[in-house]
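Listed in Swiss-Prot:
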type	residues	note
ACT_SITE	HIS94	active site, electrophile
ACT_SITE	GLU164	active site, proton acceptor
BINDING	ASN10, LYS12	substrate binding site
Amino acid sequence: MGRKFCVGGNWKMNGDKASIADLCKVLTTGPLNADTEVVVGCPAPYLTLARSQLPDSVCVAAQNCYKVPKGAFTGEISPAMLKDLNIGWVILGHSERRAIFGESDELIADKVAHALAEGLKVIACIGETLQEREAGQTEAVCFRQTKAIADKVKDWSNVVIAYEPVWAIGTGKTASPEQAQEVHAALRKWFTENVSADVSAAIRIQYGGSVTAANCRELAAKPDIDGFLVGGASLKPEFIQIVNARQ
């Protein structure tokens, strides 16, 4: 069975009630390729608004959640709370969480494991900085981040990996389709050697570095690219074209 193409839109800390309602209208009108799974990462205050205004065919994700069900963790939200709001997905380990908020590989792995245990689906992000790429450490960094998650996760059926070359996020720089495919293929090989051939064949690996309507089709044609995690472009009507990159 082929891997179902999965496109995530990460709205980050953007939007208000009016603009999110507008985005929901764009997504509802589409048309969206029925063979592509679509997930939008919405700011926490607007999760219920987005869920209420989007068709069931579009999934809604939180952009973060904590590693325990409840307690004295001011400002955090738990997977149980997201489930209570009918939110089925969460984005974890995004490069901005790692860089700006200091989240470690281990914390992210704990969050992923807990979210899965609570019944959420997870987009787990990994990727290297420009310094790391220029030092030839791309694979070492991606494998280290993936191994941290693999040490805590046994069932991968509800995990999508998002490879984000950090140097290509919001910079207008893009990995070439060949560069992206090379890392995706290396990650799949890592899963074969360190998890299992079955997981390697089934797991979806999204590409997440400055994806636009202009470059999405060429990227989508690569054999190991199973979707995208889209930042800025997910706030614009061109997101529809990115969702439909395989049509």
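Residue numbering: from 1, along the chain as shown.
Each Cβ is built from the backbone N, Cα and C atoms, and glycine gets one as well.
The separation of the residue listed as 'active site, electrophile' from LYS12 (substrate binding site), Cα to Cα, is 10 Å. For GLU164 (active site, proton acceptor), applying a Cβ distance below 8 Å and a minimum sequence separation of six or more within one chain yields HIS94, SER95, CYS125, ILE126, GLY127, GLY208, GLY209, LEU229. According to DSSP, ASN10 (substrate binding site) is assigned to a strand segment. Shown are the recorded positions LYS12, HIS94; of these, the residue with the fewest other Cβ atoms within 10 Å is LYS12.
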